[in-house]
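Record features, source TrEMBL:
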type	residues	note
DOMAIN	3-226	domain 'tRNA methyltransferase TRMD/TRM10-type'
BINDING	G111, I135, G136, D137, Y138, V139, L140	S-adenosyl-L-methionine binding site
Amino acid sequence: MPLRIDVITIFPDYFAPLQLSLMGKAQQSGLVTIAIHDLREFTSDRHRSVDDTPYGGGAGMVMTPEPWGQAIDAVVTDQSTLIVPTPAGKLFSQPVAAELAHSTHLIFACGRYEGIDQRVVEYYRPRIDVRELSIGDYVLAGGDVATLAMIEASVRLVPGVLGNPESLVEESHQLPGVEYPSYTKPPTWRGLDVPEVLLSGHHDQIARWRAEQSTIRTTHNRPDLLPGS
Ligand SMILES: CC(C)N1CCN(Cc2ccc(Cn3ccc4ccc(-c5n[nH]c(N)c5C#N)cc43)cc2)CC1
């Protein structure tokens with residue numbers, strides 16, 4: 001049963017990259033099907049409007065609920081998970097990507113402006129799994145880029161999508177922290193040599209060196225990922 005993904009957005013062209021590379025191959029192989037829907041196709045007024053002023057005042061505009069209700073109703077099943085990207089969401093992570101990779105049907109609601117009327121989440125929450133997710137503590141102009149990131153992170157974990165599942169095995173067994181530095185040919189480049197140990201063929205020494213390098217990089221770049229932090 002392929003993973004089905006429906007993306008609802010006012011900028012369908014944002015998702016053209018999903019036809020390329022690994023995501024494109026995943027679709028061609030039938031492991032994943034991805035459909036992009038223009039929210040404005042679900043409006044009923046002449047101007048195809050999707051936003052209005054916020055109740056209670058405040059800056060900007062809020063996306064009105066009805067087009068979202070029409071669009072989600074057009075694709076939803078009882079197996080659906082509705083993902084709503086938002087700065088206020090729970091943090092998206094590799095474990096969440098693994099959960100999404102094993103879903104049956106994902107619907108991504110890509111908001112813009114100041115967000116989507118909260119009643120959309122309130123309406124679907126009693127009916128299907130609804131997840132408000134954020135990809136990080138910085139502010140984007142909408143949910144489209146976040147959706148691209150979450151789709152790529154999740155789809156690469158769908159069994160059969162990655163040509164070399166070995167890289168997933170290594171990724172999953174990796175010690176907490178960031179990965180070690182990687183090198184390839186040539187052995188010397190602009191006077192810089194590949195670390196000698198990597199050319200030695202001593203796999204135990206290579207593994208030890210890589211673990212040390214991971215710890216050094218994690219300590220420097222991501223001390224929050226160190227064990228016990
Ligand atoms: C007081 C009141 C008027 N302010 C109202 C706006 N608040 C913050 C605010 C700022 C910008 C946007 C733009 N936007 C629209 C839909 C949407 C979806 C995701 C994201 C998003 N940003 N960063 C992430 N990691 C995200 C994810 N995932 C951003 C989105 C939405 C929301 C700040 C408070």
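Placed from the backbone N, Cα and C atoms, the Cβ positions cover glycine too.
Shown here: features listed in TrEMBL, placed on the structure.
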| residue | record | DSSP (3 states) |
| --- | --- | --- |
| G111 | S-adenosyl-L-methionine binding site | coil |
| I135 | S-adenosyl-L-methionine binding site | coil |
| L140 | S-adenosyl-L-methionine binding site | coil |
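A 10 Å cutoff on Cβ-Cβ distances gives Y138 (S-adenosyl-L-methionine binding site) a total of 7 other Cβ atoms nearby, all chains included. Fewest other C-beta atoms within 10 Å: among the binding-site residues I135, V139, L140, that description fits V139.
The binding-site residues examined here are G111, G136; by Cβ neighbour count within 10 Å, the least packed of them is G136. In this view, D137 (S-adenosyl-L-methionine binding site) is surrounded by 7 other Cβ atoms within 10 Å of its Cβ, with every protein chain counted. Over the domain 'tRNA methyltransferase TRMD/TRM10-type' (3-226), the average per-residue pLDDT in this prediction is 96. In this structure the residues listed as binding S-adenosyl-L-methionine are G111, I135, G136, D137, Y138, V139, L140; their two most distant Cα atoms lie 17 Å apart.
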